[in-house]
Each structure stands twice: as C-alpha cells, then as structure tokens.
Ligand SMILES: Nc1ncnc2c1ncn2[C@@H]1O[C@H](COP(=O)(O)OP(=O)(O)OP(=O)(O)O)[C@@H](O)[C@H]1O
C-alpha cells in the first residue's frame, strides 16, 4: 500500500518527524505521557515507515550513547511497538498482495464471463454490437488499470526491497554498534566495581540476548517476508503472464468478434439504411396522409362551422317556428273546437247523407231490372243471334229468326242491358250502391231470372272454381259488405248472420241445418218480424268475413246437391235463397239498424213441354210457374205502388217479403240466351221482365223524359184512378159475394163456394175487362188472340171459357187442387192453348185464400192473361182509346197478320201478363225505339 498522505496522517507523521529530529538521548527524557501518545495505534499506523525506522535507530543510538547501556522501560516499549508496526506493515503488504491476487482472479472470471457475453452479443443486433463495443472498451480500461496496479505493485516491491535493505543495514549497524558498545563496556568494565560490573554485564547480556532475539525475529520475519515476496512476485509474474496471454487471446477473440460485430454492424447499418429508406417513404406517405387528413380535418372543421352556423340559424328558425306553432296551435285549438262542434253534427250529417243517398236510389227506382245477354257457348251457332241491337240506355231489340223483317222484331227497355262481352266487374258496378244500402239499414233483394243455361248462376256466383276476376255478384256483394263494414268500424259495430233456405214444391227447407232439421218443412211468417226474420226456424249462423259466407254457401249448395240426386236436377227446379242479416250498432248513440240482403238463385223459368208434363215434373212446373208468377205480381204491384201487394201467393214472395216493397231495393237480372233455338223462351223472359220494370219511372228519369212521357204519366194516373174506382166496385161485389156465401146453407157447399169464386172470378174478369177497355187493349195481345180467334173460329170468348172451366172444375184446395190440375184432360190440355191453361191452373191455385182477389194485383194479373183481355176486346171496343193506345194500335196493326205460331211463342211464358198501362207505355217505347233502330 502507498504511504498515507492524508492531512491528519501527515500531521501525525510530522509529529514523528519532529520526534525523530530530537537530539540524541532525548528518547530517554521523553515523558511517559508523550510516549504513550506516540504509541497510540492511530499515531503509529499513520506514521511513515521511514520515521518508524528512524525511531528505532534513535533509540539504539541513545542506548549506545549512554554509558550504562540501560534502556528505559518505556523506550523499550516504544521500540517494541515500532518494530511491531513494521512487522504489521510487512504482513499487511503480504495480505495486500494476496488480495491483489484474488482480485486478479476475480477479474479474470469476470473477463471470462464478459467474453461469453460478448460472444453472445457478437451474434446479436446492432444494439448488442454496441454493448459488445462498450464491454470491450471497459475491458481495455480494466486492463489498463490492472497494468497500472501491477506497476504500483512492482514499485511497492522495490520500495519494500529498499526498506528491507535499509533494515538490514540498520541491523548490521546496530550489531556493529553493539559490538562497539560491548567493546566500550569491556574497556570501561575494569574500572567498575565487581558488583556493578556483574550487574552491567548481566544487563547487557540480557539486552543483547533480547536484541539478538529481536534480530532473529526480525531476520526471520524479513526472510519470511522475502520468501513471501519472492513467491508472490513469482506467482504474480506467472499470473501476469497468464493474464497477459489470456488477454492477448481475448484480444484476438475480441478482435474477431469485433470484426464479426463490425460486419453485423455493417449489416445493421445496411438494414438501418433500408429501414431509413422505408421510414423515409413511410414518412413521406404519412406526410401525404397527414396532409390529406389535415385537409379533411380542415374540411370537417369548415363543415362543422357551417353546421354550427346552420344549427344556429335552425335554432333561430325553431324558435320562430315554435312561436308560430304556438300561435297556430292556439288557432288550431280554436279550429278544433269548431271541428268538435262539427263532429258532433257528423252523425246527423251521416244520417242525412244516408237518407239522401237512399233518396237518390229511390229516385233511380227501387226496383231495377238489368238484362244480361249470355255469350255463345262452344257448339252453338254463332252466325244467328236473337239479339239485334243493344242501346246505351237499356234498349234491347230482339229478332225472331224465323220471321225476317220488321214483323219478327221486338223492342224492350230495361234499366240497363249488358251485352255478351260485359265482364263480371262491369255487371257488379251497377249493383254496388244497393249493397251499401244494406249497411244503412235497408233490405235488398238481388235475383237472376231466366231459362236454364241462360247464365243465372254465372251472374250470381260465377263459373265453377272461379278466379277473383270471374267472381259473381254474390261474392263481390259480400266482399263489399264486409269491406264497407270494416271501413265504418269506428262509428258502427256490425254483426252479420246468414240463413240459407230452399223452396221446392212450395215447401221451405233449411240448407244449413244438420240431420233431420234439413228435411223439416219450415214455416214462413207473412208479416215481418221485429228481428226481420221471415223464416225464424232456419239456422242462423254468425259470420265474420266473406270467406265464412262462401263456406256456408258451399255447405248449402252441397245440401241442395244431395237432394238433387234423388229429385232429378232439383237444383234448377228449386229456388235457393241466401239471406245475409246485418245489425249495426251506432257506437256513439247506441242505436241499432237492421238490413238484409237476399241473394236468390231462382229455378229455371222455361216452360214445360206438354208431352213431358206428368207426375212430379208437372207438380214442380206448377209450383215454379206459380212462384215466379207470384214474384212478378208482387214486383209489378210494388212498381205500381198499389195499396195491396200479394205477398201471400207463394212461399217465395213470403220469404222475400221484407226485401220487396217499402224502402227495400230489388234488383233482377234477366238472363237471355242469344241462341235462336231459345227465342221463344227468351221472348217470354223478356216480357216477364218488361212487365216487372216497365212502369217503374224514377222521378229523375221522368224529369229527363219529355212531354210525351209526362202525358203518359198523367194518363197512367188517370188510369190508376179508374182502377181505384173499379176496386170499389169489386169490393162491393165481394161484399155481395160474402153475404151470398153466408146465406148459402146448401149441402153442396163446395159447389156454392165454387160458384162464389166463379162469381168472384167473373166479377174480377168483368172488372179486368173494364179496366182493359178503359186503358186500351194491348194490341199485341189483342192481335195474338184475334189470330187465335180467326184460326179456331168457333172458340168461345175467354170469359166464357173461364166460366165453363170454373164450373166444370170447381176450385179445390191443397193437394186436391194439385191432383186435379195434374189431369191433363181436366186442365183442358187437349186444347191447343194448354200452356195458357197451365198458367190458369197456377193462377187458380193462387186464388185460393190469396189476397189477390179483387185487388189491383189480381186486376193487373188478369189483364196479363192475354186471352181474357182479348176476349173482352173482341166483345167491347175500347171506349176511350188513348193517344198512346192509338199509336200502339196503329203501330201494331202491321203485326196483326202475325202467324199463329208467333202468337203462341209470345204466349208461352207462364207469367206473360201485362198491365194495360204498362202495355201502353211499353208499346209507345217500343215504337220509339224501333223507330230509332230503324233509323240506325
Ligand atoms: N256471361 C257469360 N260468359 C261466359 N260464359 C257464360 C256466361 N253466362 C253463362 N255462361 C256459361 O253458360 C253456361 C250456363 O250458365 P249457367 O249455369 O250460369 O246457367 P243457369 O241459368 O244458371 O242454368 P240453371 O238454371 O241450370 O242453373 C255455363 O257453362 C256458364 O259458364
């Protein structure tokens, strides 16, 4: 270790130096306190070795100087202490060298590990290379430090060697001095007394011995130190060499690694360059993106600004709007109040609206007749058609194929005529307003009339498995019904129920019943019930939608079809009536209204050929004729607005009573087959329809028509008056008859009653004849009859014939009448006019307990029997021929030579009945339309 040089050390060393500078012999004089202070371990520790050695020399010199050679105890202690310090230092040096050695070893290990780290790093990244470089640098520094320390160690060695030499020299000097002292003593010795001499000698010997021991000790220590020093030097040299070698190896390795590291570094730099290039391009990209982004942000900022400004303006607008809205709301509130008042009147207005709507309907006429011409079917001769012309206002001109020219032409007029190309939708369009009336609490009756195969079912229902486009009136009407009820659901709650019955041979059967209830004959109430049900015992099923009704219709038709197999095509020989009952409840007032819709599929109207008329078929034919005739009577009576309407003449009219007359609306589709083979049937059908529709003139219509029509209407009114007067006469006659029958107690009650009926008939016929005479005879009927008369020559008048008939076949009741009517002979079928008689039979049936007798209906009815009217005409000339009648007569004069066949054709209809007034009007119309047609 280097000598202490710190200031305090220096201070202590300085003290020792001062002590060393003391004059010789002074060590002996040093006080004990001073010596003990010097002996303090830190003083000795910090004193330079030179000073310590000079202290030893000083003490030895002083002891030599002093003649007695005595060394004070305390100085001897100091000497010992100094020598101990020197020894300690030598051992410290040895320890230090050992530590150095350990340190170098530790460093070597450290370098080894660092080399390993460097090796690892050499294979690593540029960062690792950098670390390696740093490590190398550190190693170099360390190496440099070690070299410096080695130099210091060498210097220490030299110093120690020098100090040892000095010590050797001192010891040799001391030995010499001791010799000198010894000799001095020996010289001085003879002069001393013996005791002192002995003492001195002993003392000296002791000291010498002690010194020798000390010297030995020192020598030994020194030699040990020397050896140790040598060994250390050697070891150190070896280690140094080894370290040097290793350092060189490491250096080489490191250089190699350095090279590797450099190449790695170069690679890294190349990569860095690449990365830099990449990063450069990326940077540029990012720059561009940043630029774009910046511009985008600028744009956004701009739009945000715009948005802000627009939001501000919107806010302002909103405020303005709020203000305006507030004002408007206020005014709305006021308007709402007005509206609330208006809404309160809404129901009243609605009711008024409905009333007006129905008034319009009534003005159009509550009984409407639409004629529809069926297209030719495959297999029919399309070249010849009985339809010649269809006018836009309901005119229809039919031609008799067997009579070319005007003779074979006949014009009819109805509310509307649909040609063969008319679609189902077009047909329904004019039906729709009636359907709406049902929901307003009116009763509506829609039926189709015509011969079998003329298209009744097609019009009412549509073809089998019809598409929506082909749907018939039934489906469309029901659909409308439910749609309108749905649209009114806020104001009205509608409940709909359905009944379906069949009338066959004047018996009413339930088509929706189950099991035995189907077969049961149902009773019909002649007066309308409060619930509007004419057949209360028939099943009433509630329905919610058109499909429900259609399903029920399927069931009804199925039930009808079952019967058909056993009753020989009963479907076209019975009437089926589907009745839809509607009850509407006003949600506000709670009032209810009822309406019903009758959808009637009538039996075929064709006449039964005489040869076929036997048994059941005859019975069926009678019933069909009777019911259709009764229907015609009722409708005609209604159109005439007569006081009495003969509903009770058939089950059909009884069932439909609620939908015929009053405010009820009736629509009849007259179906015509254009085939020439069906001409006579078509003509009958058209005449029936004409009778039904001809007189009905709505107010609107009459306003439109000119003076002629007004004149005619006036004439009709006067005729009605006449008829009313005749009614009174008939009533009187009726009373007479009643009185007579009361007074009659004859056992031949049957015959007397018959007589009364006969009388009644007679009177009726008189009345009818009178009426006919007054209004002017139907020229056509007249001509037809005159044709017959001219042909038979000996034929009785119709009245006479009727009287005969009535006398020979008194009126029977129920089955008896039917039985008797079934006998062709009894019925007079041997006659050429058997068909007319069939009608008579039917009428005869009607007259039993009916309400027609003596009524306008029966009067009119009678007038519709041409042969009766004609007979009157042949006997009595018209008293007051009207202008129209005259016109008609003149226009028909041309038709007088019409063949008998034609007359028969015209008369074939079971219901070929016309009122005189109707005839007059229709004749006039016909002549007009014919004129038109001719012009055309
Ligand atoms: N307007 C029409 N367009 C096309 N075909 C029709 C039309 N009218 C009727 N037809 C067809 O004529 C045929 C007879 O019609 P439909 O069965 O309707 O007669 P109908 O009078 O109901 O007969 P029935 O009295 O026997 O029931 C059917 O094949 C029907 O499809």
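Cβ coordinates are placed from backbone N, Cα and C, and glycine is handled just like the others.
Marked as ATP binding site by TrEMBL: 450, 451, 452, 453, 454, 455, 456, 457. According to TrEMBL, the coiled coil annotation covers 157-278. Per TrEMBL, compositional bias 'Polar residues' is recorded for 744-758, 888-900, 912-927. Taken from TrEMBL, the feature domain 'Kinesin motor' applies to 366-695.
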Distant-in-sequence Cβ neighbours of residue 450 (ATP binding site), under 8 Å, six or more positions away:
456, 604, 605, 669, 670, 671, 672, 673, 685
Contacting binding-site residues for ligand 1, chosen from 451, 453, 456 when the Cβ sits under 6 angstroms of any of its atoms:
453, 456
Winner by Cβ contact number (other Cβ atoms within 10 Å) across the binding-site residues 453, 455:
455
Tell me the Cβ neighbour count for residue 454 (ATP binding site), meaning other Cβ atoms within 10 Å of its Cβ, over all protein chains shown.
28
Using an 8 Å cut-off from the Cβ centroid of 450, 451, 452, 453, 454, 455, 456, 457, can you name the remaining same-chain residues around the ATP site, in sequence order?
374, 448, 458, 604, 671, 673
Please average pLDDT over the domain 'Kinesin motor' (366-695) for the predicted structure.
82
Tell me, how many other CB atoms lie within 10 A of the CB of residue 456 (ATP binding site), whichever protein chain they belong to?
27
Just how many other Cβ atoms lie inside 10 Å of the Cβ on residue 452 (ATP binding site)?
18
Count the Cβ atoms, other than its own, that fall within 10 Å of the Cβ of residue 457 (ATP binding site), considering every protein chain shown.
20
What does DSSP say about residue 456 (ATP binding site): helix, strand or coil?
helix
